[in-house]
Amino acid sequence: MCGITALILADSNASASLELFEGLQILQHRGQDAAGIVTCGHKGRFYQCKGNGMVRDVFNQEHLQNLVGSLGIGHATNLVGDNFSILNECLTPLVRYPTAGSSSNSEAQPFYVNSPYGIVFGHNGNLINARDLKSFLDLKAHRHINTDSDSELLLNIFANNLQATDKFRINEEDIFTAIKGIFEQCIGGYACVAMIAGFGIIGFRDSNGIRPICYGKRENTKGTDYMFSSESVVLDASGFSEITDINPGEAIIITKTAITKRQLVEPINFTPCIFEFVYFARPDSVIDKISVYRSRLEMGEHLADQVVKKCGKNMDIDVIIPVPDTSRVAALQASYKLKLPYREGFIKNRYVGRTFIMPGQQMRKQNVRRKLNAMALEFSGKNVLIVDDSIVRGTTSKEIVQMARDAGAKKVYFASCAPPIRYPNVYGIDMPSRQELVAYNRDDDSIAKEIGADIVIYQELDDLLASCKKLNPGIKTFDCSVFNGNYITGVTTEYLDHLESSRNDLAKNSNDRLHSPDTIGLHNNFGYNGRS
Ligand SMILES: O=P(O)(O)OC[C@H]1O[C@H](OP(=O)(O)OP(=O)(O)O)[C@H](O)[C@@H]1O
Ligand SMILES: NC(=O)CC[C@H](N)C(=O)O
Ligand SMILES: [Mg+2]
């Protein structure tokens, strides 16, 4: 997953970089692999700093000072990347050998193309027709693609469409035409920000609205500043108001003098990703008019009903314990409804990031232990109900259950605010391989056995949906593909198979990567790993 942001300040002499940096820090929970900022200065020149690592590691004060200009875009990445890499081998054998969603420096965003006009681009999501796009760009548009990232493809489709207007200077109409072309050509989930040199910033969202993006305004003596962000919390924290979601299929262009909005394609099926509410987004964000915090309270409420249903009269739970951080809100509400004590039995090391979004199973496993410690005080001699927001690979739950037992728990029940995850995600979340999902081919009992719990209790999908729909009845459907395998954009078995084989942990760690060094260094890092 990724966090994207863009900012344009009314005062042309002001600097956008610090606020973009702070925005990315706030979006850090969406991606920990890489980060980047590009600003645009007085002569329409771009200034870039990007590299692998957390936001605080990529940028220092000097970098931020060197990022001059009053407008810019930023990106914090979890490198999911799609892999038209097999195609790469066929068409352009000299490009890198498949790195299959690598954490390569070269795939850190924003991406840049100099022609036409100079464009930089940041993307959250994943395209499922990347191979066709790559082929089109290579064979028809004659554009060189230098990485395995689908975001580079999106940028080049945009650039190609802008090129087709054949104008010396473009205007908003030309940009809308180019983005309409993207909607027609690119299939998948994508929320995007772009900046055109000397022109302004742009935000748009795929026609199903799968990935989130919103914008807000801030008045000051020089005029109005505007900012785009994946989540409203950034805008909130930076003093922006009138925070509005970009509609599915809508594009917004903001220059120093005007904001222009256009619904480019009619949203036939608005299906925001439900996993944003389960796990990804910060609780203090509001996405598509749904408070993430309140949706999690609702999830806790419904989960409590499931606990009663599953445990029946024999309910012998002594205490409810959340798995920090994400499940806290729901666990608290469940404890309130069940009239059972809520205790913070696991203490989280605040300096360790999120584990699910780390690349590689070994790293994820080690980090659960580094991150969480069980307090015997809360477990010893008790029947505990551990609540988590979701069980994906089961990495966290397996470790946690063992830790609870080691700390003296009598019985360990494990409840998940989301239903079993049995299908890969194709819209930007790193769940590519069915085989890696603990619920794949397992029923509740065998999942409980696999994670070592006495009982596992899952939320029903209808209840999860109700938790979000209640807060915005206007949204009729959500993307729930990881739970039910229904992909709103359609997806071929061939694509899913390709995803499975190229993006599982084994493939990601393949030695083949050695044949194609990760750091290309072309238009890229501000010094190695972003450090000068
Ligand atoms: O079954 P798994 O593959 O382990 O994935 C699920 C776990 O990963 C996430 O936690 P994470 O540590 O990423 O973030 P958090 O601190 O926000 O809960 C999520 O909240 C679950 O705890
Ligand atoms: N997680 C994401 O949103 C990934 C964005 C994009 N597909 C990339 O690989 O860089
Ligand atoms: Mg967690």
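FYI, residue positions are counted from 1 along the chain as it appears here.
Glycine residues also receive a Cβ, built from the backbone N, Cα and C atoms like all the rest.
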Given TrEMBL lists ASP388, ASP389 for Mg(2+), the same-site residue among THR326, THR355, THR395: THR326
Cβ neighbours of THR326 (Mg(2+) binding site) where a neighbour is any other Cβ within 10 Å: 23
CYS2 (active site, nucleophile) in three-state DSSP notation: strand
Annotated recorded positions CYS2, THR326, ASP388, ASP389, filtered by Cβ under 6 Å to ligand 2: CYS2
Site of maximum Cβ density within 10 Å, from binding-site residues ASP388, ASP389: ASP389
Other residues, Cβ within 8 Å of THR326, ASP388, ASP389 Cβ centroid (Mg(2+) site): VAL278, TYR279, PRO322, VAL323, ASP325, SER327, ALA330, VAL387, SER390, SER416, CYS417
